[in-house]
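Colleague: Structure below; questions to follow.
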Amino acid sequence: MTMNLRSSNKILAQAAIILFFFWVVALILLTRPLLNSPQSEVSSDVLQRLSKAVSELESLKVRNQELQWILTNFSHEAQSGKIKEGVVERLRSTLEDKIRTPINFDGLEKKSSGPSKEYEVRRRAIYRGIQEIWYFVQQELVKLKTKGHDQSAPEIANLIQEIMNSGKEHEIILLNDLQELSNMEGHDAWRSTESHALSDLVQRRLHFLQNPVDCSKARKLICNLNKSCGYGCQIHHAAYCFITAYATKRTLILNSKKWRYHRGGWEKVFLPLSDTCTDPSGLDRSNWPGTNETQVIELPIVDMLSPRPPFLPLAIPRDLSERMIRLHGDPQVWWIGQFMKYLLRYQPETQKMLDQAKEKMKFESPVVGVHVRRTDKVGTEAAFHSIDEYMLYVADFFDKLEMREKVKVRRVYLASDDPSVLPEAKKKYPEYEFLGDVSIAKGAAVATRYTDSSLRGILVDIHMLAHSDHLVCTFSSQVCRLAYEIMQTLHPDASSKFKSLDDIYYYGGQGPHQQVAMYSHKAHRSGEISIEVGDVLGIAGNHWDGYSKGMNERTKQSGLYPSFKAVDKYNIIDFPLYSEVAVAA
């Protein structure tokens, strides 16, 4: 907003100068002949010139009034925050039409430098802070409500429920106001431009890495797509290999022969990772870590990686870190998403299949993607969550959306490996339109997981989940995290477009996830730990009740601490600079 006002003030000043310039030029042209003529000639000629001068001045007066009207309206538009892209060009053309003279507003249409990194970080922190305080208040009220029932005091429970309903409405309005304020700042165009520019730079670096001039001399990293796990896990294995290849500046050779999800290999589903280099041979070969001179190095699964390098997720590259932190609420996920963007480029046949599935089910915005993971996860890696728990957050999304626009259909794309979930949801929530396919859920069962139809099903599910406007799932699921990573490549910043019912985001085999305390806290409840400003905290998870669990690395105490009092401590590492790839102007 401030930059818009400054730009409008510059325009007003330049327009005023232009107006004054025309007045001065007109007066000089009209009076100069009078001053230079002999007195004998100043008679009827003088009267004619004076008459003409008066006429010209009257004309200039009219144009002046028109110009003032234009500038006044433009000024009001600027001050109301309605300045839009191209408005300077519109003003210029309007002025030229009125005064019949070309105008050049030098320097007024330079690209906006955008908001500062500190501003963007603080803006996102406020958004998360509002969410965290509501998590806390809501959970405390639920505890009180439960006590009210225990004491046979239903009026207390009813009162608490009214407070919860009102509090939820307050949260929705606050977050909506914050979003509206963000839209009014005029930085959305910068965010979109910067997102495309930064992503384009990373994609060009990956293309450079994967397409060496001479494959026979290129240093290579071999990744075997043979990890015994599900689809999401295998894609994350390939991405870990790709990140390692980028960090060591080696061309990735993905060995996917007899891939359990498609016997024809990776290239039957996705585009090849290289156009010029797919030959895994070389002068010498070694298992990880090898040496810098070793031409071909074979990489194990991340669980067996030794020694462990510093560049594993959640590390981000130093040379891009400032831009990433400024642009994105979770730059660690944005970075991983860029590797997914390159890896998961569909073959035309795959893309056609996804487009047809989208058209057939009439998948369109607004839509919330819900992933309900059951079968082999429940009781081992994750707890059971009923469909009602997911739908609470689906309703929350649509309630917030209806603060800004009319929602004709509350649409949900529901993916699950349990065939009973979709019929249950349709029966219990008839006011929603559910998209999905029970046959996909049947194919996701453990017994049929590695068939062609199952692969098509998981591709459709992840594609639709990632293209939803909001994601409700459990981050304990690889499919959920994969959809969230892909989602980051579709928006300037999709870091807040999710609700996980269990874990915070993590990457299998990642390095330590740390936070740093921004405010001190004195433990006053059982299970809490004390923290001081600057303490480094190893976070284990967010309980979504206002508290996170972790260990204070200074005191070595483990326990709960208020989530809003700490922020992520980014692991910024020196990656190759890829100076061969030019940074776009």
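Positions of Cβ are set from backbone N, Cα and C atoms, glycine also.
TrEMBL feature annotations, pasted as is:
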- Cys215-Cys277: disulfide bond (DISULFID)
- Cys223-Cys241: disulfide bond (DISULFID)
- Cys229-Cys233: disulfide bond (DISULFID)
- Cys473-Cys480: disulfide bond (DISULFID)
- 510-571: domain 'SH3' (DOMAIN)
- 307-313: motif 'SH3-binding' (MOTIF)
- 12-30: transmembrane segment (TRANSMEM)
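Are these features on the surface or tucked inside, and what are their neighbours?
Modeller: Note: Cys277 (disulfide bond) has non-local neighbours Gln210, Asn211, Pro212, Cys215, Ala218, Lys220, Thr251, Ile253, i.e. same-chain residues 6+ apart with C-beta under 8 A of its own C-beta.
Cβ-based neighbour count (10 Å, all protein chains) for Cys241 (disulfide bond) stands at 25.
Cys480 (disulfide bond) is surrounded by 29 other CB atoms, counting those within 10 A of its CB over all protein chains shown.
The residues of the domain 'SH3' (510-571), classed with DSSP into helix (H, G, I), strand (E, B) and coil, number 3 helix, 29 strand, 30 coil.
Distant neighbours of the motif 'SH3-binding' (307-313): 240, 243-244, 247, 289, 332, 335-336, 507, 509-511, 571, 573, 575; these residues of the same chain sit at least 6 beyond its ends, with a Cβ under 8 Å from one of its Cβ atoms.
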Colleague: If I take the alpha carbons of Cys473 (disulfide bond) and Cys223 (disulfide bond), what is the distance between them in whole Å?
Modeller: 30
Colleague: What does the structure give for the C-alpha distance between Cys223 (disulfide bond) and Cys233 (disulfide bond)? Integer Å is fine.
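Modeller: Cys223 (disulfide bond) and Cys233 (disulfide bond) have their Cα atoms 14 Å apart.
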Colleague: If we count other C-beta atoms within 10 Å, could you say which of the disulfide-bonded residues Cys223, Cys233, Cys473 has the fewest?
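Modeller: Among the disulfide-bonded residues Cys223, Cys233, Cys473, the sparsest Cβ neighbourhood within 10 Å belongs to Cys233.
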Colleague: For Cys229 (disulfide bond), which residues in the same chain are close in space, meaning a Cβ under 8 Å from its Cβ, but six or more apart along the sequence?
Modeller: His237, Gln478
Colleague: Give me the DSSP three-state residue breakdown of the motif 'SH3-binding' (307-313), ordered helix, strand, coil.
Modeller: 0 helix, 0 strand, 7 coil
Colleague: Please work out the number of neighbouring Cβ atoms within 10 Å of the Cβ of Cys215 (disulfide bond), leaving out its own Cβ.
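Modeller: Summing over all protein chains shown, Cys215 (disulfide bond) has 18 other Cβ atoms within 10 Å.
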Colleague: Taking the domain 'SH3' (510-571) alone, what is its mean pLDDT?
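Modeller: The average pLDDT of the model in the domain 'SH3' (510-571) works out to 97.
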